[in-house]
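According to TrEMBL, the feature region 'Disordered' maps to 1-28. Positions annotated as compositional bias 'Gly residues' by TrEMBL: 1-10. Among the features that TrEMBL reports, domain 'EamA' is placed at 80-211, 233-364. Residues annotated as transmembrane segment in TrEMBL: 81-99, 111-129, 141-161, 167-188, 195-215, 235-253, 265-283, 295-313, 325-343, 349-367.
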Amino acid sequence: MVLCQGGGGDAAPAAGEQEPEVPPGREDGPGAVQPCLCPAPGVEAADAEERRACGCCSGMSWPFCCEAPGTKKKAACPGLGLFYTILSAFLFSVASLFLKKIEDVHSVEVSAFRCVFQMAFVLPGLIYYKTGFLGPKGKRIFLFFRGFLGSIAMVLLYYAYQVMPLADATVITFTSPVFTSLLAWIFLKEKCSPWDLLFTLFAITGVILIARPPFLFGSRVTGIEGSYSDHLKGTIAAIASTLSAASTIVILRKVGKSVHFFLSIWYYAVIGLIGCVIALFVLNEWRLPHCGRDRVFLILIGLLGLGGQTFLTKALQIEKAGPVSIMRTMDVVFAFILQALFLNHLPTWWTVGGALCVVASSIGTAIRKWRHSVKKAKQREI
């Protein structure tokens, strides 16, 4: 008999809708990797009826496992993970478009509806995996801040979508990987290379080109949707949302894999819903949409958001995080297309230049992290 150790696929969720990470606790589910005893090559099993679960084949019984002679692995469809990523980006972009189309509904109320949909989606998973609703005692404070910061990021992002061009807000959110690297360097003592500083400079340049502050570009700022004050408020909200989303990713890294990712989403939805309800009563903004179209849009925003998150998670289960992070920049392309087709707002060259800077920064950060993870994986094999 020989001892074999199974290897599982990488899985990941999201935050608040901004940076991909490996979900904590995914390995604790039914498909968890467990050491098992398989017959050594050339040794027949003592009992033909006896079958032992093997982690290296995701729980299939021997002799049908990957170590059995003559057994072929089921080949994964090449490019399926990247297709899921593109589909996720498209669904997120359409949800943002519907948010722009909604009238007289505050961004906090839209966030509350989104939290309700997430709770309905996550609750069966919590019951199925028997994770409980509070999590480990030592991790609850981290889960609370993950939910609090994640819900703030969602509200601020929805506000930015409502008051500034769709493409501009989308581009700013793609500075999240850069801010995540900086926060991880500050709080988790992760290494920060000169490349990280260069990508940060690119991201800041892109945001400046999109915001176009008057003290740099003069008093006449062209290509702004609505008033410049709203544009500036939306820019600040988008940056704050990105910082909050990056903070949640750092918290998830701190928590590690000891907490199931469903618990992380559960805290995000519950704390977000409670905060949104309180804020709506304080602002006196709680009201149902006046027309049926806006009500349909609210439902579609919730469904599309869940669909986008599901496909992004599936993509990261079967594809490496590096290519997925790069392909996620298609979100910017979809935002420009949808803005031009359905909102009749053509981007200026300043916005295009800012988008190129931010996308280059995001892609550069993703490639650097991808190469670093591949290098570490090769060192472990050696």
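Note that Cβ sites are derived from N, Cα and C of the backbone, with glycine treated the same way.
Just so you know, TrEMBL annotations are computer predictions that nobody has curated.
Since we're looking at a predicted model, the values are computed, not measured.
Sorting the domain 'EamA' (80-211) by DSSP state (H, G, I as helix; E, B as strand; all else coil) yields 110 helix, 0 strand, 22 coil. Across the domain 'EamA' (233-364), DSSP classifies residues as 109 helix, 0 strand, 23 coil.
Model confidence over the domain 'EamA' (233-364) is summarised by a mean pLDDT of 83.
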